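Taken from TrEMBL, the feature domain 'No apical meristem-associated C-terminal' covers 21-202. Annotation source TrEMBL lists region 'Disordered' at 42-93. Feature annotation from TrEMBL assigns compositional bias 'Polar residues' to 47-62. According to TrEMBL, the coiled coil annotation covers 152-179.
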Amino acid sequence: MSDADKSVAATANFAGVEKHNFTLMQCWQVLKDEPKWWELKTKIDATPNSASRKSVPSSLSRDISDLDPNKSSSTSPSKKRPMGRDAAKEAKKKAALVSSECMSKMHELSVQRIELFKETEGERKARLDEMVALEKAKAEEAREHRKMMLEIERERLALDKQRLRMDDEKKEKEEDERILAINLDQCQPMQRMYYQALQEDIIQRMMSRRHGPNQ
């Protein structure tokens, strides 16, 4: 099997075990020739009864074994072949592309956070302005209500004053009529002098009201 066929078989086995596709192929292309990868196989081979080896399907273990350069073929060199110049350049290019994409994503997230913060500040300011406008409207409404109540109270006091004046005038008129109806000839001399003075005073006030205060 070629390296491409082995990669396809390995990803198929991964999808069958993990129930989802292998999404780190670019990372695998960069790291597959690193010594740390072979440390995993060494640990698996060294512990044949361990849980880590039992958890690895036989087909995947076989593919890992097939990837071992020491067992791939009799014609292969005993040591791992170093990465070629073109492969190294391609790996660096892919790593730089991944790093650039990560930086772009981080920048987009930062911009989104800033925009969200600005929107939140704008909403907070709008809500504060709305509350201030509402308080002003309530204060203006309360002021108008107090003004209307004061006007109603003034009108009520004026009506009460007018009613009291009318009551006083009515009582005064009734008293004047009573005094004028007294027959002086039937009164004692002192009473006649008293009621006569009152009758003259009443007649004078009546004449004064009829002709005005200046006449």
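Heads up, the Cβ atoms here are built off N, Cα and C, so glycines get one too.
Values in this document were obtained by computation on a predicted structure and should not be read as measured data.
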Which residues of the chain, 6 or more past the ends of the coiled coil (152-179), have a CB below 8 A from one of its CBs? 195, 198-199, 202
Averaging the pLDDT values of the coiled coil (152-179) gives 92
